[in-house]
Protein chains: 2
Amino acid sequence: MARGKSQTQRSRSYESDDHERGACEWCEYALVITLATILLIGVSALTIFWVFYYRGGYAWADDTPDKQFNLHPTLMVAGFITFSGFSVLLYRICRCFRRIYVKLLHAIFHALAFPCIVIGFLAVLDYHNKKDINNFYSLHSWIGFVAMGLFGIQYAVGFFSFLLLLICNKGTAGFRASLVPIHAAFGILTFVLGVAACLTGLTEKAIFGLGSEGYAALSTEAIIINAIGMSVVAVAIVVLYTVRGTGGYRVRKVAAQHPS
Amino acid sequence: MARGKSQTQRSRSYESDDHERGACEWCEYALVITLATILLIGVSALTIFWVFYYRGGYAWADDTPDKQFNLHPTLMVAGFITFSGFSVLLYRICRCFRRIYVKLLHAIFHALAFPCIVIGFLAVLDYHNKKDINNFYSLHSWIGFVAMGLFGIQYAVGFFSFLLLLICNKGTAGFRASLVPIHAAFGILTFVLGVAACLTGLTEKAIFGLGSEGYAALSTEAIIINAIGMSVVAVAIVVLYTVRGTGGYRVRKVAAQHPS
């Protein structure tokens with residue numbers, strides 16, 4: 001009853017998914033997934049390479065605050081871009097899986113992102129305190145703060161609503177189905193804010209790390225930092241394309257059919 | 001024939017628009033439009049206020065390069081955010097207008113954005129040359145360069161395809177209809193890249209203008225620069241929400257019915 005009601009309520013947001021996919025559509029599907037996977041792994045790999053090759057690697061000790069700071073860009077890119085991006089993409093990749101497995105994979109990838117974001121945040125907080133720098137003064141930090149807050153709320157609400165409430169499957173089907181588009185919209189917003197935080201953060205780091213004149217000289221390191229930023233932009237384009245296209249209606253349609 | 005073919009080809013991307021809109025939907029519609037208008041005008045107004053109150057206003061002379069630079073953020077925010085944002089929103093506002101008038105308004109708002117972006121670009125190019133600073137070294141400039149390129153291509157293709165080709169209305173209907181989703185997708189991409197360029201540019205300006213320690217002290221000017229950035233983020237959320245929701249399918253459906 002509840003499921004039927006939710007279907008009627010939200011039927012205007014569904015698009016047709018009744019036809020078999022042709023060769024062209026499967027080619028596009030494979031291309032997008034391959035490209036997204038390369039970019040998502042590549043952006044984190046490039047960040048790690050940059051830190052080891054130009055920034056002295058990682059550490060967490062009182063006498064090496066700069067190495068401790070390096071955890072911040074690495075873990076934030078991993079959390080907000082790589083793991084979150086893969087988590088969003090799973091709705092495209094795992095078409096033949098049972099719904100509950102897709103949801104668990106979605107939750108697991110976000111569970112991997114969670115400690116990255118928390119430790120990445122603590123790393124920069126502790127770095128600021130050690131260096132006696134104010135916290136939350138920059139546009140980057142404001143955007144990042146909103147992104148982290150949304151990520152936490154989304155994870156808590158998603159975990160509670162789409163996994164824990166399954167103990168009362170039938171009774172909560174309508175509620176869960178009505179929550180799907182909200183969860184999806186705020187999930188995309190969180191991802192986009194994470195991207196914006198990464199881009200402003202990379203700009204800050206390039207200027208602070210290389211100096212304004214050093215950055216303007218466009219050294220190899222500057223090119224690598226810019227390349228990380230452009231890769232983040234490319235990831236955002238591919239992931240949003242996936243969600244915006246057939247991926248989007250796939251999520252909505254499956255959610256309507258199986259609101260659990 | 002061409003129209004029928006295009007409808008069949010693209011029918012899977014339409015959502016139902018057959019029902020009359022209820023009071024709630026009209027309230028949401030009015031709220032989003034009002035909010036978007038306030039934000040779109042507000043973000044440019046705040047930028048102009050910031051420049052006059054903290055940055056000495058505008059000029060274009062050899063002895064005042066800093067005042068000439070001020071044209072860059074102001075005109076880029078006006079071009080990429082305010083005028084482009086209004087242009088996108090028009091597809092939501094002008095429901096009762098004839099299609100050709102909506103297209104002309106869309107073209108006019110982009111025509112207002114065009115000189116803003118060109119003069120804003122020339123202002124910073126000339127400023128860099130006067131101050132002997134390299135061009136196109138930063139992540140901000142790379143993102144901005146792609147955004148400007150896309151804007152130019154979109155304007156040229158849009159003007160040629162959706163206005164000039166009307167001289168051969170029937171013969172080009174199929175081509176024009178097939179171009180609508182591509183034009184819309186690249187239009188959204190251009191807007192989002194413009195937003196990313198604004199955010200990275202504001203971060204650069206805050207650090208260069210206030211100094212790293214001055215920015216960290218979070219003066220009133222720093223708060224205003226951050227507020228401009230957060231307003232740009234808010235604009236992006238509202239405009240993308242409008243395009244993503246009923247606005248999106250409105251464009252697609254109308255385009256299919258009247259591909260001219």
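Cβ coordinates are placed from backbone N, Cα and C, and glycine is handled just like the others.
According to TrEMBL, the protein carries these features:
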{"type": "DOMAIN", "residues": "B:35-244", "note": "domain 'Cytochrome b561'"}
{"type": "TRANSMEM", "residues": "B:29-53", "note": "transmembrane segment"}
{"type": "TRANSMEM", "residues": "B:73-92", "note": "transmembrane segment"}
{"type": "TRANSMEM", "residues": "B:104-125", "note": "transmembrane segment"}
{"type": "TRANSMEM", "residues": "B:145-167", "note": "transmembrane segment"}
{"type": "TRANSMEM", "residues": "B:179-202", "note": "transmembrane segment"}
{"type": "TRANSMEM", "residues": "B:222-243", "note": "transmembrane segment"}
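Counting Cβ pairs closer than 8 Å to the transmembrane segment (B:29-53), the top stretch among B:104-125, B:145-167, B:222-243 is B:222-243. With a threshold of 8 Å between CB atoms, the same-chain residues lying at least 6 positions outside the transmembrane segment (B:222-243) that come near it are 32, 35-36, 39-40, 42-43, 46-47, 49-50, 54, 77, 81, 85, 88-89, 91-92, 184, 188, 191-192, 195, 198-199, 202-203, 205-206, 209-210, 214-215, 251. Within its own chain, the transmembrane segment (B:145-167) is flanked in space by residues 80, 84, 100, 103-104, 107, 110, 113-114, 117, 121, 136, 175-176, 179, 183, 186-187, 189-190, 193-194, 196-197, 260, which lie at least six positions past its ends and keep a Cβ under 8 Å from the stretch.
Confidence in the domain 'Cytochrome b561' (B:35-244), given as mean pLDDT, stands at 94.
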